[in-house]
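Mind looking over this structure? Questions follow.
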Amino acid sequence: MSLQIGKPAPDFKGTAVVNGAFEEIKLADYKGKWVFLGFYPLDFTFVCPTEIVAFSEAASKFAERNAQVILTSTDSEYSHLAFINTPRKEGGLGGINIPLLADPSHKVSRDYGVLIEDAGVAFRGLFLIDPKGVLRQITINDLPVGRSVDEALRLLDAFQFVEEHGEVCPANWHKGSDTIDTKNPEKYFSKH
C-alpha cells in the first residue's frame, strides 16, 4: 500500500488496551476526530516508554483539540497490558491515558510503511489523520530518537487553523502567530 498526503489513510483495526481493558478499535471509530497514529518499536525498551508517557500526559491537550493519540507496536495486547501495569520505576508505564494498539500480524505497521521487515518492529512513525480520514502529515524517525509532543501539538494547531481560516502557516508557526493570506501575502511579508 502506498501512502500519500492528501489521500485516505490506510484503515486499521485490532485489539488495543484502552483504560486497562482489551477493546477492538478501528480508524472508523474516530471519524470526526483528528487522529495521531504513532508507531514505536517495542514494549519494555528505553525510548519507547518516554514517548508513550509524554503523549499520555498530554492526552487532555489533544482531547481539547478534538484529537486522539493511538500508539502501536508489533507487540501483543498482553505485552501492552503488562507494560502498562508495570510501575514506571521498573521500566513500565504505570498506567496511561491513551490506547495502545497491538499489531502482532505486522499489518498496520506494513500498511503505514514503517515495518522493519527483518527485525519485525516498526520505526517511530507518527501519522496525522484528519476528521475525514485523510492523511495530512507523516514523520518517521529512526529507532534511537524519540518524538516531540510539543511539535505534534504545533502541527495539529496549524492544520486546524488552515482548515478553519484558509490561510497558511509559515515555518515555526505557533498558535496565535501571524499566518499568510495567500490572496494578500504582502501583508505578512511586509512585517517579517
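Cβ coordinates are placed from backbone N, Cα and C, and glycine is handled just like the others.
A quick note: this is a predicted structure, and the numbers were derived from the prediction, not measured.
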If I look at Swiss-Prot, which residue among Ser60, Ser79, Ser148 would I find recorded as phosphoserine?
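In Swiss-Prot, Ser148 carries the phosphoserine label; others show none in the record.
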With respect to Swiss-Prot, which of the residues Ser73, Ser105 bears the note phosphoserine?
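The phosphoserine feature in Swiss-Prot corresponds to Ser105.
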Among all protein chains shown, how many Cβ atoms are found within 10 Å of the Cβ of Ser148 (phosphoserine), not counting that one?
13
Using Cβ-Cβ distances, find the residues under 8 Å from Cys48 (active site, cysteine sulfenic acid (-SOH) intermediate) that belong to the same chain and are at least 6 apart in sequence, listing them in sequence order.
Tyr40, Pro41, Leu42, Ser73
Return only the integer: C-alpha distance in Å from Ser148 (phosphoserine) to Ser105 (phosphoserine).
28
Applying a 10 Å Cβ distance cut-off over all chains shown, what neighbour count does Ser105 (phosphoserine) have?
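If we count other Cβ atoms within 10 Å of Ser105 (phosphoserine), we arrive at 10.
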